[in-house]
Structures are given as C-alpha cells and as structure tokens.
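Colleague: Next up is a structure, given as structure tokens.
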Amino acid sequence: MCGIVGAVAERNITAVLVEGLKRLEYRGYDSAGVALLNEAGELDRRRRVGKVSELEAALKAEPLPGRVGIAHTRWATHGAPSERNAHPHFSGHQLAVVHNGIIENHDALRDQLKSLGYSFSSDTDTEVIVHLLDHTLKSEPDLTAALKVAVKQLHGAYGLAVISAKQPDRIVAARSGSPLVIGLGLGENFLASDQLALRQVTDRFMYLEEGDIAQICRDEVQIWDIDGKAVKREQVQYHEGAEAADKGEYRHFMLKEIHEQPSVVQRTLEGRLADDHVLVQAFGPQAADIFAKVKNIQIVACGTSYHAGMVARYWLEELAGIPCQIEVASEFRYRKVVVQPDTLFVSISQSGETADTLAALRNAKDLTPEQGGYLASLAICNVGISSLVRESDLTLLTLAGPEIGVASTKAFTTQLVALMLLTLAMGRVRGTLDPQLEAELVAELRRLPTRLGEALAMDAVVEKVSEHFSEKHHTLFLGRGAQYPVAMEGALKLKEISYIHAEAYPAGELKHGPLALVDADMPVVTVAPNNELLEKLKSNLQEVRARGGELIVFADEKAGMSNGEGTHVVNMPHIHDALAPILYTIPLQLLSYYVAVLKGTDVDQPRNLAKSVTVE
Ligand code: F6R
C-alpha cells in the first residue's frame, strides 16, 4: 500500500523522509522516491524500484539535501512497478506530487491535458494531478488556492501532497478517501499517510478530515474544509502505549485488538471506495482485465481465514452471481482438483506465511493451462511483504496492523471487509450487481466502523453473559446462511482461548444429530440477524428449549426476541443483512474473551498454538 511522508523544516530533512518511509515499509510497496527543494531552491528527486534501502543507497551515492520535501512508497495500481512510474511525479521543474489512492477519471484528464500541450512521462493516474495543478496555476498563481480549484476535477480517492519551487515555504495537501495526518513540531512541521511514519520527530498530530485541504509551513498549519471554510482540527497527543506492541490500557492484546476493529476497518476501506462503488484498481493494475474474465472463484485458507472465505462464498454467489468454492488449504494442497475454466484462485491469510496456504498457492500456480490451470491468483493478506503477496498476481491488503494475540480478531473482520470489496468489485465488472444495491452497500460499508463501535459498547453486557459458561465443558454455536461461518468462528475462538469444547452447526442441522447432546449443561449460542431465515431459526431454538438447553441469542433489535426462562437475548444494533456477519462477530469475540478471563487461561498465548503456522 502506498505511503506518504513530507517535511518542512529549517534543517536538512532527507533522513526524516527516508526514516518515515522505512516505518511504512510493513504495508508493502514496490518502489520508493523522494523529491526535495535543494539548496539552490530547485526541485530534484531520486526514485528506485525495490526497497527503501535502495533509495537510501542512491541518496548516499548522490546526496539530496533540502528543507522542504515529499516522499512516497508506491504500490502499483496504474502502470507497472518501474522508476518512471514511481512517485514523486513532476510537472516541468516546478511542481512535484505524491499521491495515495486512485484517480478514476485520469484517462479523460490525460486527454484534456495532452491537448493543452502537456506530455506525460509515466503510465500513472497520479501524473494527471500534477499537470492539472500546473495548468490551474496559470490562472490562480497561489499554490494553495490552485490546489483547492484543481481537486474539484478529480474523481476517485486521494491523499496527496505537493511542493513547488515557486512557493518553497510550504507543502500543500488534500484528503478525499485516503488518510493524511499532520505532525506538529517546533519550527518544523510534517505530513504523512500514517502517524507511525512521524513518531521519530513528533508526538503531536492533527488528522485531516474528508475534503480537507492543508497548507503546511514551518511555523504555521492552515486547514480548509470541503466547503473552503478555514477550520481548526483537534490536536492529538500521542501517548506511549498506543503502539501495536503495547497493551496500553487493556489487560490483554486480544481485548485491545477487538477494540481496534472500528479503526482498522476504516483503514481497510480508505482509498478503495468512490462515491457509490468500489475502486477495482485497488486490487492491482491488471485487476479490471482479470476480473472481467473470471467465471469461477476458488478460495483457499486455514482456520479463521477459512471462516472469512466461507462468508465470502455466500456474498460472491448471492451478490455477484459468481460460482465460488472454498476449501481448507491443508486438504486442497494434497488433492487432485478439477479446475473450472477461468477460475480465480483466492488465498486468504493474516500472516501470508502459513505453510499450507502457501503450498496450495504454489500448487495452483504450477498447473499448466493443459492441466486446467487457474486464470490468476489473488491474495487477501495483512502483511504486504509476505510470501503470499509476493507470489500472487493480485493483492488486496487488509490493514489491521500487527496482530499480537494468537487468536485472530481484527484480522478476521478486516478480511471480511476486503472480501466484501472483492464481491462488489466482481459484481460491478461482471455487471451482475444492481447499481442501487451496490451504492447502498458502499454507504453501509462507510457506516460500518460506527456500527462496530456500537457493538463494542455492549462489552459489559457480554461480560455478564459470559458467567453462564465458566462452569461448562461443552457449547454449541448455531447460525444460518452467512452467519453459519460466523458461528464457526465463535466456536473456534471459544475453544482456542478458554479450552471449552465448542461445536458450530448450521441451525437446520440440529435435528439431524447434535440435538441429542442438548441438555441443561450445554449452552447454545446463536446469532440471529433479522433476515428471511429468522423464523426458521426461531423454530430451531424452540427445539433446544424443549430439551432444557440454555440459549444465548445475539439478535437484531428488530427481531422481536426477548428474554425468558433459560433464554438470554442480547440485542444487537440493526445493520444491512449483507454486513451482519461482520457485526455479529464482535459479541462472539468478546464472549470467548470474557469466558477465558473467568477461567484464568493465558488469553494472548493459548496453550499449544502459534501465531504463524509456517510448518506443516
Ligand atoms: C485462529 C487463528 C488461526 C489462523 C490460521 C491461519 O484464531 O488465528 O486459525 O487463522 O492459522 O493463519 P493465517 O491467516 O495467518 O494464514
């Protein structure tokens, strides 16, 4: 994923920019570059394909000191990874830009700018921004004012920063769909796409909001909102302990990571949504071409990631109308599979290093077209520099940040978000998704972080419910439709960290066997959103109550379910049915967490388990 760093100071800032880029390396990238106004006030740059260390070596061989500069790590979306496509991009020798996100109308703008005499030196969408700004400067010579005008013509998503040799006292920046944060120093100020990049220089931050334009000078920062009104954004002081590798105020990493879900889901969405649709280019430069040819999908993953894939199968078939198969990687890798023509191979993994998942990908890639090979491979992964990402044709990174607790939580919900983006992108490219439903789901995705926050606010209620489990040895989890894999994930969480035996069943299967297990010592946990399967689910729950089983039901507030003898109902905020699997995961995570705490187990490092399973 692309990263931005910028600085305006009285000192030489080259090292600050390079260090900032290094701190963003974990997100994955294919090239890096830096542009500064040098001692003579001229714009100069260095760009390299590969690691930031290669850019650093280039800067050592040919130093580029300066006091105003911008830097970038690029993850290719338009144009292959190459030095000419790496940012910063220039317009003449006056203007430089770095950009995260995707400009959708770049083709039209490119034609327009070419007719005005601009020539392009890259294949990127980004280059249109810098020429457009240069053209705007002809009628509006102030850089900040010109940026305000120019961004109005950009469609898509962007977080961008610009420097100009003509106004060397500032960086100007704009945010729409891709995050930017200003770091405040003493007599110097900074900019980045993630505050992590600036921790070495400041602990005071100001987050830009959607539509904001900022002018960052050494002694002053000015911000205008989407309506052009001057605004002040709150200053936030970073406290030690907000770090991923620190539990902060939380008792366990797992609880901290559960509570991080609204923000990491937000991050996973950023830069990938236009007004009413998903930006297909977010999956990589060849995504639109590849997706247009896909007729089938094969998903492969392990554990929690496998459960995410199971949810995605419901979505892909129901919303995008595309046939989808899913299998655990440890089985798939040793099986002779029959590959349907034009099948996209999708692997899902938090770490990107899971041995079985990697082996399955490698086997899939080894198949020749005569053996019925796959069309292409796509990795949904949380680690940008992992083997899975390096070896796949397309990637969509989940941006959950480092997950320390062994039991996966925020990785799962961000995988679900990524898979919903895949579903919407597939439906769009294939023309199988109703545009109105597409727009509705995009709007719901935007509201999702707030909904997750509401579910997390039920923490104390779920903690109380957990008391029903501390003396129990077995539990049943039930769900129907896309909530069945959510029930599976809830059962996996409970067994992993509390060591209580937990099984998940599609609720309709109850009467075909597991009902025999139900008695007063076997609590039954159910997820019950308000969908067309609700009435059937209610009948299944009656079957449990009739056998004396205790029910714990997480139900939509509009589902009309209430507490009664042996039935404990926890009301959930209402949500669009398609996104319910993401929301209903939250109380199940909290439940397993509080049961484990009551039982006194090692929540973050449960016995016999490892975070990354890199061996068979
Ligand atoms: C469960 C859990 C595991 C992993 C599985 C795959 O909480 O974390 O089941 O999901 O080992 O790992 P990744 O996603 O790294 O491939």
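Our numbering is plain: 1 for the first residue shown, then up by one each step along the chain.
Each Cβ is built from the backbone N, Cα and C atoms, and glycine gets one as well.
Below are the features I grabbed from TrEMBL:
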ACT_SITE  CYS2  active site, nucleophile
ACT_SITE  LYS611  active site, for Fru-6P isomerization activity
DOMAIN    2-219  domain 'Glutamine amidotransferase type-2'
DOMAIN    287-432  domain 'SIS'
DOMAIN    465-606  domain 'SIS'
Colleague: Work out how many Å separate CYS2 (active site, nucleophile) and LYS611 (active site, for Fru-6P isomerization activity) at their Cα atoms, rounded off.
Modeller: 26
Colleague: Would you count the other CB atoms within 10 A of the CB of the residue listed as 'active site, for Fru-6P isomerization activity', including those on all shown protein chains?
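Modeller: Taking every protein chain into account, the count is 15.
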Colleague: Check the DSSP secondary structure of LYS611 (active site, for Fru-6P isomerization activity), expressed as helix, strand or coil.
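Modeller: It is coil.
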Colleague: Please work out the helix, strand and coil residue numbers for the domain 'SIS' (465-606) from the DSSP assignment.
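Modeller: DSSP composition of the domain 'SIS' (465-606): 66 helix, 30 strand, 46 coil.
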Colleague: Per DSSP, what is the helix/strand/coil residue tally across the domain 'SIS' (287-432)?
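Modeller: Secondary-structure breakdown of the domain 'SIS' (287-432): 69 helix, 28 strand, 49 coil.
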Colleague: Let me check the 10 A CB neighbour count of CYS2 (active site, nucleophile). How many other CB atoms are there?
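Modeller: That number is 24.
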